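Database features (Swiss-Prot):
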DOMAIN    171-245  domain 'Toprim'
BINDING   E177, D219  Mg(2+) 1 binding site
BINDING   D219, D221  Mg(2+) 2 binding site
Amino acid sequence: MIIMDLGTTKYIIYAELIADGYVEKHDVIGAIFGQTEGLLGDELDLRELQKTGRVGRIDVELTNINGKSIAKITVPSSLDRIETSILAATLETIDRVGPCVATVKVIDIEDIRKKKREYIVERAKEILKQLMSNIDVNTIIEEVKESVRMGEIIEYGPERLPAGPAVDSSDDIIVVEGRADVLNLLRCGIKNVIAVEGTSVPKTIIELSKKKIVTVFTDGDRGGELILKELLQVCDVDFVARAPPGKEVEELSKKEIMKCLRSKIPAEHILAQILKDKQKIDEKVCKDEIRNMGIQTIPEIKPEISITSNDDVEVSSVECNPSNNEELPPKYNKYRKFYEKLIELEDSKVLIINGDKEEIVSIEELINNTDNYKSIDAIIINGTVTQKLIDILYEKTNLIFCKDAKIIKKPVNLTLITFGDLNA
């Protein structure tokens, strides 16, 4: 391996010498200096050029094979392009080395500056890429935003629950399990979030659920399922979102969080499924006890339950009337005329009755203006009553007439009568 100092070298001449006989390295070097001396004058004399540093050390790699000698000659040059070419051509005039006939052929002239330029270009690209990655404007913006969002976490209520700054101002809130979940949602720009912080549901969460639309967002594990069930028992939950199985909310990416929240389902469906599962467990326990007692059971006729395409349980209609399909008490007869008046109108209309006053509004108007009514004698709804509507209206009235009712739970003080019973 030839090692050269290329500090001032511009070109390297590569030549090959073949001698018909056995020669040694010093013979080749002597031939190079001896046979080129005086050919081009003092300006291009190899000895003079070496003294002035314009030509570097001449290296020779010699191999002797089958009575012949093959030498690879390397000449570093700091001359210009023309002078280097002349010097290379001069080497080809060598015809003898010692007593042997020889020929020299220039193989290549390498431009060192070209290689350096190529190296500079490639290295500059690498450095630029590194600089661009280190000074990524988007990354800086995200880091600044994240630091601001991290600082937005507040302590809410007497229990000092971790929450986002928009819990009070937003009409709906997202309830999560812990502080880390709140921080992760804040990083994603979601500010109407509050944490339960423990297994016991704080009173602050219960009170918020009465005034706001609540989405519960829990981990995809057993613990998340237990917290969800407790929240469903004590809070007015509207929607439920779950992290993917085995994952926690705090470790989800922004894309995963948004996907989970978009896939939220009404709490009524979860409650219906819980009731269905509980019924199955109770039936199994009962059967096991009877079997252990040795009593023969009569096969059970199971009611049909309609399952929708997305595995949501369709809650069957619940007719909540005081008469249990018996004739209605006379006190309700006065509402028949209102029913006949309402069915002539379009669906989703509501008739509000307060003494002698009657008012026809849409369901949406009724929901939005509930606070305008202190109490209502009766409400007749030309449509289906849902659990959400019951939860909103039961504090304003204790009598509702409707086409149909699909609910999970009915307040004790509320009488709910369908048009079928009213018109019987």
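Cβ atoms are placed via backbone N, Cα and C, with glycine included.
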Quiz item: How many other Cβ atoms are found within 10 Å of the Cβ atom of E177 (Mg(2+) 1 binding site), counting all protein chains shown?
Solution: 24
Quiz item: Tally of helix, strand and coil residues over the domain 'Toprim' (171-245) according to DSSP?
Solution: 31 helix, 18 strand, 26 coil
Exercise. Work through the binding-site residues one by one (D219, D221) and point out the residue whose CB has the fewest other CB atoms within 10 angstroms.
Key: D221
Exercise. Taking only the Cα atoms, work out how far D221 (Mg(2+) 2 binding site) lies from E177 (Mg(2+) 1 binding site), in Å, as a whole number.
Key: 12
Quiz item: Can you tell me the mean pLDDT for the domain 'Toprim' (171-245)?
Solution: 90
